[in-house]
Amino acid sequence: MDVISSSIKTYNIWFEISGVEVGQHLYWQIGGLQIHAQVLITSWVVIAILLVSVIIAVRNPQTIPTDGQNLFEYILEFIRDLSKTQIGDEYGPWIPFIGTMFLFIFVSNWSGALLPWKIIELPHGELAAPTNDINTTVALALLTSVAYFYAGLSKKGLSYFEKYIKPTPILLPINILEDFTKPLSLSFRLFGNILADELVVVVLVSLVPLVIPIPVMLLGLFTSGIQALIFATLAAAYIGESMEGHH
Amino acid sequence: MASTVMATKPIALAKASPSLSPRKISIRAQAKPSSTSIPNLKRLTSKLLFSVPSIAMLAATPLPALAEMEKAGLFDFNLTLPIIAIEFLLLMVALDKLYFSPLGAFMDARDAKIRAELSEVKDTSAEVKELEEKAVAVMRAARAEIAAALSKMKKEMTAELEVKLAEEQARIELELAAALNNLEKEKEEALRVLDAQIDALSEEIVRKVLPTT
């Protein structure tokens, strides 16, 4: 303890820049309830980035696409292909959901890794990727749950609930449990990956600030992109799974 | 952990209330450094035994007594969850109106147009083949005509030529015959003359050679 406190005193200026505060949030109050303001602020920035870039790139579509339009056409084709592979032929109505899921998580994760949030100092807590907060990831996972329930019910009606006893009725408890583990695993996978990556980078930066953290940051970019893809793919897979096998 | 236990300020103890929040992984300096001299074990254990009941008492006090900022942790669910959900749904609608639908429709229209043009091109190529075949047939017919006309002309020409040739040959033969006749006549004449001369000459020779008797 003594050793740590003395090193804290010596390198205080560096701690001010590279300190990490897990579990510290900036609180706003609405009525009797609290809000993690830093998550809201960063999510607004992410939404602004998405909407502005989309508006600029897709303004006058040309037959031979310009660079921005080409990029967004590629993204749309990618999302379409992903949805079609997982959901099947009726993938059309689900493209906005899967696409927004993928883009929101991807831009959130990369904004947390690439944008210099620490420049803006908050009175309490700090700005980071909005997906490093359990509220965000659980919200997205619950939306996915609602989506696949809605998909199954709207396609099959009440006979959707037959799937709980489908292979054999013995598996009923497991099938019910699956409805809880699906959103749980989705949310925790994303939350754990993003928060852990942030922590690793911050701790490394506080220890060896110059070149060593860079491979870990690149790995973080890679895995956070993969996590966005995984979340979107699993959401599409759950939707496809609840819609399948009717006719 | 030891440092926070050692500090006796209630706020510091409140920070250390373990039952409500996971341990902050903060590497910011927390308690005053001066009070964290390395304890010996006995003092530590006695302090622990002493402070556990006080911590329990403080934990029992109602929530507002604790600093609001410090009760949070990693798993802090609050109004943020539904707000993010609503933001996501609004973003979904906005992106659909601005990006997925318009660009998707544009891309599909472009694909359909390209496909239509491709099939059109395939059709006109069949037409083009037809026209080509017609052209080839016409060419063949023309060539056949020309060849027929050519051969006809050739036949006529050769017939004419043969006629002319026969005529000329006949003329030439006649002339040749006439010339030969002339030559024969002249030969006979010459022979007659020579005969007469030969007779005379032989008389001379005999007179000259034989002694004159």
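Cβ coordinates are placed from backbone N, Cα and C, and glycine is handled just like the others.
Keep in mind that this is a model prediction, so the values were computed, not measured.
Pulled from TrEMBL, these are the features on record:
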type: COILED; residues: B:114-141; note: coiled coil
type: COILED; residues: B:169-204; note: coiled coil
type: TRANSMEM; residues: B:48-67; note: transmembrane segment
type: TRANSMEM; residues: B:79-100; note: transmembrane segment
Worksheet entry | Non-local residues, at least 6 beyond the ends, that sit with Cβ under 8 Å of the coiled coil (B:169-204) | none
Worksheet item: So what's near the transmembrane segment (B:79-100) in sequence-distant terms, Cβ-Cβ under 8 Å and 6+ beyond its ends?
Response: none
Worksheet item: Any idea what the model's mean pLDDT is for the coiled coil (B:114-141)?
Response: 89
